[in-house]
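Per Swiss-Prot, these features apply:
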type	residues	note
BINDING	ASP320, ASP326, GLU329, ASP330	Mg(2+) binding site
DOMAIN	266-342	domain 'B5'
Amino acid sequence: MTIITLPYTYLTTLIGTDKETILDRLPMIGSDIERIEDDHADVEFFPDRPDLFSTEGVARAMRGFLGIETGSVTYEVKPSGVSFTIDPALKEIRPFLGSAVIRGLSLSEEAIQSLMGLQEALHWAIGRGRKKMAIGLHDLDKITPPFRYCAAEKSRSFVPLDFTEPMTMEQMLDEHPKGRAYAHLVREHPRYPLIVDAEDRVCSFPPIINGDLTRVTTETKNILLDTTGTDQRAVEVTVKIVCAALVEAGGTVESVTIDGVESPDLSPSVRTVSVDEGNKLLGLSLTAPEMATLLEKMRFKATPDGTDRIRVEVPCYRADIMHDWDIFEDVAVAYGYENFDATLPETSTIGEQSQVSVIGGAVREILTGLGYHEVMPFTLTSETVTYDLMQRERSPTALHLLHPITEDQTIVRTDLLPLLLELLQMNRYRELPQRIFCTGDVVEGISTHQKAAAVSCHGAADFSEAYAAADALCRDLNLPYTTAESTDPAFIDGRRGDIIVDGTTVGVFGEISPRVILGFELDHPIAAVELDLRAVRAHRDQRDRS
């Protein structure tokens, strides 16, 4: 969840109504007001609506929801004459670049704070901690086009933002706060990404820090936006969201030529939805014009096409719209959840905690007692992480996403160990030892069940530590187990064992293979243990029956 600060003065100016009305209706568009202060409110939004991570984005949505300004915003993008070239050497470092010029701005301190907040929120929600995408905002009048996005020597120096003396790029990774926080994204590469202008002045060292030369202030009238990353869609979506926010702040967007290609494309996408399908899903009886009117409140352009079809133009900044049902969800928001009729279920049942959840809770207590810290990795992952980096064959039973947003999230997780190793990779520059675990659902084919997994990473991690964790789990779960040597390319030969209960394998333990460790860019031995909680429950059920 993302919390943003909404200053009342700026927000009411953008929306055109009073604070009380805004605070009363704001939760209706999918927000949770965390805190109300004298001059601002802190509001939480779900990460699937990154277009609402700024005061400008909230104002745009609220104007529609309140009926002040409905329908979609038309973005007229003219050529700026500004161009970028990309160094081919960046292909293996940080290959993708998006850009735009925004002119005619008159920024207040509140507007600047809103843009900085949007920048950081997008770094988290879309950029995955700046790995997939990072944003730079520059005062265009302080630099000279054309610009180059190049791979520079680590010894290149410039004055970073909020500093007064030049530093080398290598120094920044050790001495600048942002450098220390994000050094792991670039340190392994022989050269670092850099954006320079026609006079070879540094604009930015993405994804670390901008140069102080291009600092955006209340005097800034024209902005150069750059978005770099390792994921092209994340880069493109981010450019659209930031451009749309800056239009709300009073700017006009102009395109930038990147190696001959114009950026950005702010045209809407078009979908045709069924009124009948929407009514069945929501339990309503809306006509096509009525549903179109509701969609206009949500800032779509909606045109009835007969009695059962609506042509919907989806704004460029709505990256969350991937299915017709996403549009119907906005119909429900505009209709008002408070206006739906409440009905009681025909049957009444009394719930209780499932046995698998009980076992999962016991596993968490045991591993916490052993010094492991619980983490919650994503449910979506990729075949690269799940199979390729684990040196395993790809499984035909993996559940694939039909329309994945990124190459990092193409399947539903089938295992937990790869995700724990990925988390170790993300934290590889942190202090050792690192001991983490997780419990949760995995999916194979159409079967969903729960597993638990734990890893320990440090210089002395070995098979004995993995066995000790497995023994503690089985002992405290009252599992009469035996072990048997087994093989798996993810583990070192001769250092992997199955946990067997009543002739059934319920888990594994062992020492991770050096090939896997190196694949995840780690440098230390790793001990691992994994339990199939479904199998543990089956044993308990059989024991209880006998």
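Placed from the backbone N, Cα and C atoms, the Cβ positions cover glycine too.
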Quick note, GLU329 (Mg(2+) binding site): same-chain residues at least 6 apart with CB under 8 Å of its CB -> none
In sequence order, which same-chain residues at least six apart have a C-beta under 8 angstroms from ASP320 (Mg(2+) binding site)? ASP48, ARG49, PRO50, ASP51, ASP326
For the domain 'B5' (266-342), how many residues does DSSP put in helix, in strand and in coil? 33 helix, 16 strand, 28 coil
Around the Cβ of ASP330 (Mg(2+) binding site), how many other Cβ atoms lie within 10 Å? Please give the count over every shown protein chain. 22
ASP320, ASP326, GLU329, ASP330 excluded, remaining Cβ within 8 Å of their centroid (Mg(2+)): ARG318, ILE321, TRP325, ILE327, PHE328
ASP326 (Mg(2+) binding site), Cβ-centred 10 Å count of other Cβ atoms over all protein chains shown, is 15
What mean pLDDT does the predicted model reach across the domain 'B5' (266-342)? 95
